[in-house]
């Protein structure tokens, strides 16, 4: 009996599968594309090695003063020496645990909201949104219930950036939704008020708004009464961003077919229930990218508070570069700032994509 | 950005014009004593003048002026709170009462003194626009800068001063404008411009930013007058006198050889009537200003005399290493002169 032995499988043709094939199809598929690829590679070779050399291989990492840096590469000693100030501003060093605790509480407190099986999600979420801000204010600002007061003039660094952005986001979203509803309302008074509000705040640059809050407002207030600078800035940021959110949400609401309104009406739902149960859930889901876009812009806009002498993350770095002990470190400072801003903004954009996928109910095209 | 800037300028002007002077004689000192600290406006970061060190403490000449006022009023230089102010909001902060003293690298000019509702109390630093050049150029005077490429900061008075100076001396130049001092420092280093012009005090700071600071020199010519000093609200002469004489006390202390180290001893042992009057062991100098008898002792003890303050922040004892020059005492070839105490 003869046994038939199969020949071993031939490998797939290299020109159809595998990395070489992929490169042929995507990078070298014609003369023009080949030239583009080569130019691209040349640019990468031109930029990346010196960058790595500056940022990593020739950089100085350890030390405490400028003398510890050879200045051939980046001097990250500057960043590590001033790291505390970049993160917390002038928040007293022995009280910085309060800032840390606030952040930890936010993460721990919000965690259950991300578990699918956590049943009383809505109730918990509302309770969290009510209790946490009070708790955070108590921890960060203090001044009652046994915690020493830390005036907002000592807040700064990344902490201030996050506080302004978080308060701005938390305040602007509900206000923006209300404004969007107001603008679509049939009641003339509410409609006119909403339109005026939105168009006013969209019509002025944020920097002017902040400047006015800092320069004009004190002149109208009686002498001696000075509103907290940070409070002024946060109110202005909320109003400003709410106007943008309102327009984004309105866009979403206009995309909902008229049939949805009619169906809700046919089921006997009133205005608020139509909006909260039928229209807004669909509209908000549609405009997640737009909302997150606004929030990312808001996060980056927080650095404009320098105009009123608040020292957020970027400005803390700028201020540190004015110290004669560290003159000439601005490149390192700005690179570090760019990295941190990128981490935050990229994080936000990934979260928005995750949210879009999670809420996708098949309408997405 | 230009648009925004001009909008801001209009707003500031409007704000400033709308203000009536609501300060009253004596009101500031009473208010300061009541709240227990001096609120002082400083800059948002200027090497040698006001900056924050690693511990978050403000340092610099402008900062020390504030601390000296606190020492004079309370006998304690730490009883001062600082408000970092941008150039645009500084005058409003003073006018609206947000700060009691504005010590923020501000040039004393006629328009500011007369129209802004504030009074300058003196000069803490005689600054002026100067030039920074590479030693390789072999230039020893600004008059030899014909045909040079000059780096300037956009939109400042330095631009105007520069063109006036070169035209007056019949020299040609090519200006390159930059927005920040970091950019202009980099372009001097790369050789894109031959000369960097700015206020002299800032040129020394710029020089440190360069990779090889010793290859560059600051030329001796000063082409503009920039007397920098603290200011207070108009209409409260009592507070004005306190801030003004705080400066004078520091200059007088240096002239009489009183330093933070020997001040207490000198106060006890002195036979010199000038020193005795200044330090309050003789006469009623403090009482006239509504200050404690030993207020000058406290200033010098806690902050130092003018020479010490200069040396520590911008002079030989600092990174900047600026020479005394115009800021030397009058009897040593400079301009720092204080009226006598008697």
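The backbone N, Cα and C atoms fix where each Cβ goes, glycine too.
The domain 'ABC transmembrane type-1' feature in TrEMBL is assigned to A:158-347.
Per TrEMBL, transmembrane segment is recorded for A:27-48 (among others).
The transmembrane segment annotation in TrEMBL covers A:95-115 (among others). Note on the transmembrane segment (A:95-115): residues 84, 88, 121, 124-125, 128, 132, 135-136, 139-140, 142, 147-148, 150, 159 of its chain, located 6 or more positions outside it, place their CB under 8 angstroms from a CB of the stretch.
Proximity of distant same-chain residues to the transmembrane segment (A:122-140), defined by a Cβ-Cβ separation under 8 Å and at least 6 residues beyond the stretch ends, is recorded for 98-99, 101-102, 105-106, 109-110, 112-113, 147, 150, 155, 163, 170. The transmembrane segment annotation in TrEMBL covers A:122-140 (among others).
Under the heading transmembrane segment, TrEMBL lists A:160-182 (among others). Packing against the transmembrane segment (A:160-182) from elsewhere in the chain are residues 89, 129, 133, 140, 190-191, 193-194, 197-198, 230, 233-234, 237-250, 253, 275, 280, 284, 291, 294-295, 298-299, 302-303, 305, 310-314: each is 6 or more residues past its ends and has a CB under 8 Å from a CB in it.
Feature annotation from TrEMBL assigns transmembrane segment to A:203-221 (among others). With a cut-off of 8 Å between Cβ atoms, the residues of this chain six or more beyond the transmembrane segment (A:203-221) that come close are 227, 229, 232-233, 235-237, 239-240, 301, 304-305, 307-309.
The feature transmembrane segment is assigned by TrEMBL to A:233-249 (among others).
Summarising the annotation, TrEMBL assigns transmembrane segment to A:286-313 (among others).
Distant neighbours of the transmembrane segment (A:325-344): 55, 65-66, 74-76, 78-79, 81-82, 86, 158, 299-300, 313-314, 317-318; these residues of the same chain sit at least 6 beyond its ends, with a Cβ under 8 Å from one of its Cβ atoms. The feature transmembrane segment is assigned by TrEMBL to A:325-344 (among others).
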